[in-house]
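Engineer: Below is a structure I'd like to ask you about.
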């Protein structure tokens, strides 16, 4: 029992350290990608190819003054970014990032908890992060923060419904909520990937994921031209950095989950080993989010809600019905 606890604690430390570092590095990659699309250079002065820009940004965040606005609720103002970080990293617990491997004669499972309701746990804990923008907006004593938190409540709750209903169809096909079982279901090869059996579910879940992640063109929670930085307007320094890292941690988590559910996960991909294959797939979806950000303009709140409730929700329900009919036949 003690060995299991020690192993779990080590896995948690590795997960937090690795994805925190990746979150910082992803800022550099995203700025370079956006610069390429916009015919700019991007970061290029700090270190070779601008690689040390990440370190410079980190030093800036850690040394900035932590300002709490006058009239703000200090406890809730501080609690909000902690909730964002905790929900982002805890939601990764049931995600199998790689195949099992042996180290010094000991089999290592590269996930924190192999529970049979892994996907439900991922959605539930990830959606708990909605309290972060709500509390941040309410505690900041700022009108723009309050508008941002109101938008967060509407947008995240709406798309949480869509993403949950959308994923029911693939889960009906597999017959399990375990992400490990979903991965094993697609072990037969390329044609067993669920994206070919549930293409509509994949498209709907991808769009809903970007909306839940607050990625452009769905970043209504912090749209600079309308509400400054939304619920983050009054945050600075380390607290703002925690919101920032939480957003990227959610992006990585959703990228891995989409790769596992629809694209064969860590099963070997031809001559490519499974561990490398899932990194390629997840990396592609991280890049795709940056590509979408550089390509599409913002949508209006009313357009987003119309798309959610009048288009995506009926399509998700229709897909569930059709999948059930096919399974019965």
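Cβ atoms here come from the backbone N, Cα and C positions, even for glycine.
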Engineer: Which range, 96-116, 117-137, does Swiss-Prot list as transmembrane segment?
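Structural biologist: So the range that Swiss-Prot calls transmembrane segment is 117-137.
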Engineer: Choose the correct range: of 154-174, 217-237, which one does Swiss-Prot annotate as transmembrane segment? Give that range.
Structural biologist: 154-174
Engineer: Who are the chain neighbours of the transmembrane segment (9-29) in space, where the CB to CB distance is under 8 Å and they lie at least 6 residues beyond its ends?
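Structural biologist: Long-range Cβ neighbours of the transmembrane segment (9-29): 43, 50-51, 53-54, 57-58, 89, 92, 110-112, 244-245, 248-249, 251-252, 286, 290.
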Engineer: What stretch in 42-62, 117-137, 188-208, 269-291 has the biggest tally of Cβ pairs under 8 Å against the transmembrane segment (75-95)?
Structural biologist: 117-137
Engineer: Establish whether the number of Cβ pairs under 8 Å between the transmembrane segment (42-62) and the transmembrane segment (188-208) reaches at least three, counting only pairs separated by 6 or more residues.
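Structural biologist: These two stretches do not touch.
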Engineer: Answer yes if the transmembrane segment (238-258) and the transmembrane segment (117-137) have at least three CB pairs under 8 Å among residue pairs 6 or more apart in sequence, and no otherwise.
Structural biologist: yes
